[in-house]
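> Submitted below is the structure of interest, expressed as structure tokens.
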Amino acid sequence: MSEPKGTSEPKGMLSRRELFRLSAVAAGAGILAGCDVAGGGGNAGGQGSGEGKIKALFMQQAAYSEADIRNMTADFQKANPKIQVEPTFVAYDALHDKIVAAAPAGTYDVVLIDVIWPAEFGTKKIVTEVSGDVPAAWQSGMLGGALTTAKYQGRFYGVPWILDTKYLFANTELLGRAGVDPVSLSTWDGVLAAARALKDKRVIEYPLLWSWKQVEALICDYTQLVGAFGGKFLADDGRAVAFNTGGGLAALEFMRRTLDEKLTNPNSLESVEDDVRKVFSEGGAAMAINWTYMVSAADDTANSKVAGKVAVLPTPSGPSGGPGVNGSMALSVTSGSRNQKAAWRYVSYLTSAEVQNKYAKNSLPCWAASYDDRKVVEANPKVVPVAKKQLASLIERPQVPRYNEISQLLQAEIQNALLGRKSPRQALDDAAAQAKPLVA
Amino acid sequence: MSEAARGVSEAGHRVKTSRSGSARLAYALLLPAAVLVFGVVLYPAGRALVISFYDVNSPFPGAYPFLGLANYAAVLSDGRVWTAAGHTLYFTVVSTAAELVFGMGLALLLAAPLKLRWLFRSIVILPWALPTIVNGAMWRLILNAEYGVLNAVLTQLGLADGYRSWLGSDPFVALNMVVAADVWKNTSLVAFFLLAGLSTIPRELYEAARVDGAGAVRSFLRITLPLLVPTVAIVLVLRTIEAFKVFDIVYVMTGGGPASGTQTITFFTYLQAFSSQRFSVGSALAYLTVLAVLALAMVYLRLLRQRST
């Protein structure tokens, strides 16, 4: 076919002049964009009238269920008819990034923050400081582990709402078949011995299951073991990393040993807490550590094959005792919120002892007095006695503004060790070398 | 001036005014699109470029220290970036190649005069119609070590001794599983492009080849393949660039693990920007990715032009 006459250039191609114009526009865009970086701005948030619409961001994973939160919110709106709350739910692993991405626009008025974020969100002013608003009675009435959740360098950036740590769950039927007494699971040595017995008697191929996917869940499990083996993430002055020596190293060596002995299910490396819950509920694991919400989930006959066969035990002890990882979370008012007054009312309501006690089934209250509240104990006959003991001793992940970067490095290097690509010592030394500039 | 000439000149004048009028209309019609392109493409691109020269470590505007090219230097000397680039390259080459091969087979099959051809064509397009997020979630379930279909099928067919972990036990296996999920989804797109290309090849060529005694393989190699080259080239450009930017399927299926074995360059960029709030490092990485894609696209386009001239 011949080309139509008169078209020296094929259509769709840019002429030189057009290209020049386009570049000019692009350059203009660049200059405009440049003004924006240097220009001021900051957060356009404000107190607001205390009425109207607010948006809240929650997670859909562990602790209070979506239904719990919707019911709490409905009750709040009944009591405060002039405030409308629109809750949004995301997976835990998307929560941090969504808070960050939504911050400049002030999309959410209330956000759920994890215990590892106050340093970052506080110093970057993504959430508001509420030190002056938290009544003294709350500070004395809430448990210490809960209070740390919202605190950084003595200032409060939210109100504790979820007080959680990982407990040891055991399938009593499987243990019984191997002749293991659940009492022997009070130490990690006892857990190892039980796992070997379960494997030797062919009760189950892999007795142990963990949340070791390359996400924050891995660090939670690791932290719990670091505590048991007497390790520390940071040196006492907080300016140097310390996880590559002593208990930090022993914890990773323990993890690796359970894989080498084929006691830990290799699927652990692709599992988060909810995968552990599902497999445990199917009878696919004899022992696992997980958050409080697994108690009611695994004992629910509608969704679990092991209902009635679940033992909830304190996290096992190592040579240095048995602190649980502090996995608490708090509710914060964002600095971009244009209705901070209404947002604070909502936060105050959700975190009140009354509401926390009412929904204690999936998440234990942050208030000390709640643990002697008859209704709370009755709702959780299995956990409350264990929680009373374990919540008194918790281990924190490092509270530094650049925690996420340290966590990412650790996750990758711990998995290198778990997959046998590096020795535990080498992996942690490598992580430490990379993390060093992040804490100084 | 004769009557006729006047008539012509008037007509020319009319054409001219209506032309400038229609040009104005065209610009007016283009304006919304131009505003949109400026707002969502040019402005963010410009801003990201500027940010990449600073040390922006919070989502808010403010006065940040100017670093010049330091972010680019830091990124290029970070071992994790090169590892992620390696994974991206592997993903791009293997998935694009597999999609082309399977897509070609599928296209030939769909072009065959079969009964119920419309039904097959509809079924084949289904994977491509699935959102990538859904596709990733689906494959994660299929590959789940405990209750996934793949392990069940393999053991019941006697092809495997026991259940194994596909996404957690070996970084290289996991990377290939992500490739497989991508290939499953995008093969249908490639097939449809090639099917369109096939339909432009005149039937007479095949008839003539048959008369000359050429078999099916020979006519595929001598007629189909050469005439499909332009289509293949377009598919190649599209798929390579798309594959190079792979993010969502990794986010859903593996989260970059195990041992960062499925971390691609865009996933690493995302972690830097949003998880670590190192927006400048993220922007620098994004620009380097753009440069790489641009280079690829230019090479492809040059090859295409050489062929067509």
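Placed from the backbone N, Cα and C atoms, the Cβ positions cover glycine too.
Sharing the record's features from TrEMBL:
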- B:25-45: transmembrane segment (TRANSMEM)
- B:85-300: domain 'ABC transmembrane type-1' (DOMAIN)
- B:89-111: transmembrane segment (TRANSMEM)
- B:118-142: transmembrane segment (TRANSMEM)
- B:219-238: transmembrane segment (TRANSMEM)
- B:284-304: transmembrane segment (TRANSMEM)
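Burial and contacts for the listed features, if you can.
Here the transmembrane segment (B:89-111) has Cβ contacts under 8 Å with residues 117, 120-121, 124, 175-176, 178-179, 182-183, 186-195, 197-199, 220, 224, 232, 235-236, 239-240, 243-244, 246, 264 of the same chain, all six or more residues outside its ends.
Long-range contacts of the transmembrane segment (B:219-238) within its own chain (CB-CB distance under 8 A, at least 6 residues past either end) are made by residues 96, 100, 103, 108, 190, 193-194, 196-198, 200-201, 205-206, 209-210, 297, 300-301, 303-304, 307-308.
Within its own chain, the transmembrane segment (B:284-304) has Cβ neighbours under 8 Å at 48-49, 52, 71-72, 74-76, 81, 230, 233, 236-237, 240-241, 244-245, 265-266, 268-269, 272, counting only residues six or more beyond its boundaries.
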> Six or more residues out from either end of the transmembrane segment (B:118-142), which same-chain residues have a Cβ under 8 Å from its Cβ atoms?
106, 109-110, 148-150, 167, 177, 180-181, 184-189, 191-192, 195, 248-249, 251-253
